[in-house]
Amino acid sequence: MPTISVHEEDLIEKLGEKIEEEKLNDICFEFGIEIDDVEYKGEKKIYKIEVPANRYDLVCVEGLCRALKSFIGKYENVSYALLTNSEEACVKEKHFMRVDESVDERRSYVVSAVLKNVKMNENVYNNIIELQEKLHHNLGKKRILLAIGIHDYDKINFPVAYKFEEKEKINFIPLNETQNVNGNNFINFYQDNINLKSYLKIISDFEKFPVIVDAGGQILSLPPIINCDYTKITYDTRNLFIECTAIDRNKAEIAVNIICSMLSEYCTPKYSIHSFFVQYDKNHKAEKGNGYLYPVFKNKTLTCHMDYVRKLSGILNLSVKDVEPLLKKMMITSKVIDSSTFTVDVPFYRSDIMHFCDIVEDIAIAYGYGNIVSEKIEIAKKNSLSACTELFRNVLAECTYTEVMTNALLSKRENYDCMLRKHRSYDDRKINLDEYNPLAPPVQIMNSKTSEYEIVRTSLIVNMLKFVSANKHRELPLRFFEIGDVSYTTYDRTDTNAVNKRYLSVIFADKFTAGLEEAHGMLETVLKEFQLFSDYKIEEKSKENVAIRSDVFYKLVPKEDPSFLNERVVDIVLCPHNLKFGIMGIIHPKVLENFSIDIPVSVIEINIETIMDVLMM
């Protein structure tokens, strides 16, 4: 957890009142932070305050005081002004940076901005340095992910450039040094420096070093190690140039957003920021000539439901109208949609808010954890999906089927080509998330190291066929089943753009019969445990005057599927809801050949969650 230094005089100035230490300690505790220590430097009182590691907006005095001020009810309407906020305006002011094609994936990205007319003094100077270092340590993972350089704008000859330069061509005077250092000697020069030696390993194996240079050829910084001495900021600096190089563009944008949003309170006009344009070379490996205007002050909107808020927070008497003043204390604006729904406008500097649960956490903090009425907790209640899974498992085991557990990852070729299938488009909004969807677009593994593990499975059948292939030499018939999760993408219909579903797959293989009758019998057996019967079984029992459940039932609907023999495959449809929750059939010989299987195979696969959701209505 990062700890920041807050001078009492800064606290008084920014909060607009003097708060005694005991009261401040209570406020911090309620807000979810802690006064770790109190130090004195002469007559100056300094609070050491520990803040959450994911709240990058609180790692500076400006952000912390702004948040506490709002929390105690002193609301301030902060409105940021982005000046020169277009590519044309930036080019006119020479506020742009060219990224050379030599810049590779080891430090691919750069984000920049300009702050002008900064009212600099000793406290502001120290706050800038501390904010920079806290972002380096936490967000930047000790400069591995990103490194920030803050320069005296007036000493720079714009525009600037970012490139990887040959070591022998690098010559500059580093920060707080008096002698010129060449790139060939750079590592040796700093290997005994107690503050910088731990960062040298980041670039020690680079053939070329990353540098940012101005139009006059002056090296401004050699990230992620050090800036030049010529552009260092002092108490007399009035204009700031901020640059952040990174291997993750999103994190670099977060860092620059935090710096600009916090330090712009010292600018004239207040909260004004000058935009900066970054243009990548057309041969740049990652960006291919893209251009970006920074900083990106873009809020995001989330829609929340009161049932979820009450369930997660435990505040059972909370109404939708109570939410707005609570979130206002946390500097988040909200809007009521109806009696059960509201939207929130998440500030761009709150990168920690990624899900509805983060909004609920802020509501609970504003409400006060001490004000939430405790309830007796029900311990060791079995999850309904787990209970359902266990029931299926027991039934199949009693029917002499052996359970297997296979990998959740596999190759695209196996999941689709070997099954003679093609997945649906990633932007297909017609996919019903409540149904059985083996053709849904898969979740892909980024930068997969092996072709065997490229995607997350969308069906259990593929790995079951691989398992049969590996065990075809054993005594026949083979009876296996697997209960496991599949995943597929959802195109903006869920907060993670993907969904997990619990599937059951049953496979039967024998030399003398395809086993479709056996598979059909197993389907009836497992669904009977849920009092779920087929339409023909209900009709048959009614003729015998035997009462069985008939309000919910399933029927087998013939279909065509290239993975199965024609006229030997059916959809399993849940009625009267008309939800397809599974498939049953005999695997096509071509598919069996693809998996090196030389005996007939029948399979069942069902979406357990579809059944469970309907029966629990």
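Backbone N, Cα and C define each Cβ position, glycine as well.
Feature annotation from Swiss-Prot assigns Mg(2+) binding site to ASP352, ASP358, GLU361, ASP362. Here Swiss-Prot flags 297-374 as domain 'B5', drawing on sequence analysis.
Apart from ASP352, ASP358, GLU361, ASP362, the Mg(2+) site neighbourhood in this chain, defined by C-beta within 8 angstroms of the site C-beta centre, holds ARG350, ILE353, CYS357, ILE359, VAL360. Per-residue pLDDT, averaged across the domain 'B5' (297-374), gives 92. Among the listed binding-site residues, namely ASP352, ASP358, GLU361, ASP362, the Cβ with the most fellow Cβ atoms inside 10 Å is that of ASP362. According to DSSP, the secondary structure content of the domain 'B5' (297-374) in residues is 33 helix, 18 strand, 27 coil.
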